[in-house]
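Written below as structure tokens is the structure these notes are about.
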Amino acid sequence: MNKFSLCYISFFFLFFFMLINFFMSIYFIMNQMVMFLEWEIISLNSMNLVMSILLDSISLMFMMFVFLISSSVIMYSKSYMGSELNLNRFIILVLLFVFSMILLIISPNIISIILGWDGLGLVSYCLVIYYQNMKSYNAGMLTVLSNRVGDVMILMVIAWMMNYGSWNYIFYVDFMSNDWSMKIISFMIILAAMTKSAQIPFSSWLPAAMAAPTPVSALVHSSTLVTAGVYLLIRFNNLLMDTLFIKMLMLLSGLTMFMAGICANYEYDLKKIIALSTLSQLGLMMSILSMGYCELAYFHLLTHAMFKALLFMCAGKLIHLMNDNQDIRLMGGLSLYIPLTSLCLNISNLALCGIPFLAGFYSKDLILEVVSMSNLNILVFNLYYISTGLTMFYTIRLLMYLMVNDYNLLSIYNLFEEDYIMLKSMFILLFMSLISGSFLSWMIFSYPYMIYLPFNLKMMVIYVSLLGLLMGNLVSNTNIYSLNKFFLFYKLSSFLTLMWFMPMLSTFGLNYYFLKFGQKLLKNIDMGWSELYSGQGMFKIIKYYSLINYIYQMNNFKIYLYSFVLWMMIYIFMILLM
């Protein structure tokens, strides 16, 4: 099969399924339907092996977004990965990835969830190490081992759910919440979701996973891998409310949001800036979810998927044009040369900031107003608003570097926009980034919310956004060293730059003491005492005795007589004793 024909087949297949899911989700919402399908695979005596599928408005709408983004990404890959010899292998990996995510979305059963969950982990590893070099391998190992913690938690949930006689958690999530074993299950579910959605302390794998090809980043970091944890918590939401673990999750996700916002301001790698903004938005979803507003988290998850996929696609195109260079300091003045890509980039960036009437505004503004209306402490309130300001901060900084500053890469350059396959796939998502916020708010929230706030609290979002805009403009004209003037000393600055030292702590920091202990064990036991008392020691003793034996056997008459006398004396001595 021609490598391009598989791209077209996959695109039309996924786009067709997207349309089916779109109409079905509207039908299900209008009629308030939920469809639960069970397919009996095998029945043996009293044991049934069934595959169950849950179709409701949440799963159908999510599938629609996954299909739309993956179809655009595959179309985009046709051009982006055009020079790749094994394009078919890449497309098949992406399709496997999408299939795993769909399996996760439609599962009301923890067994089929782990199939999708593990499938995501395995295929993401294959995609992260796609460009086979040392950096990719390291990033792949960090990704897969971080996610492995979550996989183990899900396996333990399967074991604990044996108490209830069924793995269809959807039936008893509502009324078993006071059961003590359900509390243990809820803790494991939260931990699993934290690994997949990269909350502190598992955050370091998400920027590392940028070693994957850019189309993969667009798919993975918008609607699939990182949102799996959020989706799992949406499904288990009733079980988790009012537990200690969900309050801890709220604090950790708020800190994740804050940490990612600060680090993005220090970062110069284009893809890593976008990855850190994904991390920030995941923190926002998780924290609003931990307050009990799962509909809001779901709403933000879907709107965010659109503009984030578009943002990654624009970044991929820029990296292509820049001779595979990702440093934003070398870019600049792009709006003059590639206006359409710049349009997509700016709109997706502004949607991320929550500029009114773009996709991100509807979800982000609603979340912040609900937070303002809730009965929260000052720490969480500040984390929300400072993180919103930081989002504006790094977005404006990025736009200044890319659009306003001078082009810094080569003296002779050719920026062109004739790649219409990439542009078409980007325009699909551009259209959705403009309208998805409003149309989702009409579909998900069937009744209007009454949010009643004082004027200054209502305007708080605008205040922090304007402050972020001002700071972003200021900092884009400086460099990282003059940024230290804000933070006074170098150590704090390096702490903030390096994601609160999380990449070091979760790689070398995690195994430093074990490796050191192993080294001491090797030195003192394996090559020390155990050698002295086993291999080497025995060898020395036997060698020493064999030397004595050898001297005996040299037919020396004196020694023979001496030994004879010695033996006789021992013999007489023994007889006397007896």
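Any Cβ shown, glycine's included, is placed from N, Cα and C.
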| field | The annotated transmembrane segment range in TrEMBL, which must be one of 218-238, 302-322 | value | 218-238
| query | Are there three or more C-beta pairs under 8 angstroms joining the transmembrane segment (457-476) and the transmembrane segment (383-404), sequence spacing 6 or more? | reply | yes
| request: Sort out the residues at least 6 away from either end of the transmembrane segment (7-29), same chain, that have Cβ-Cβ distances under 8 Å to it, and list them. | output: 35, 55-57, 60-61, 63-64, 67-68, 70-71, 74-75, 77-78, 87, 91, 94-95, 98, 443, 446
| query | Residue counts in helix (H, G, I), strand (E, B) and coil for the domain 'NADH-Ubiquinone oxidoreductase (complex I) chain 5 N-terminal' (42-90), per DSSP? | reply | 28 helix, 12 strand, 9 coil
| Short question: which residues 6 or more past the ends of the transmembrane segment (87-106) have a Cβ under 8 Å from it? | 1, 3-4, 6-7, 10, 14, 53-55, 59, 62-63, 66-67, 70, 73-74, 77-78, 81, 112-113, 115-117, 119-120, 123-124, 126-127, 130, 213, 215-216, 219-220, 223-225, 228, 231-232
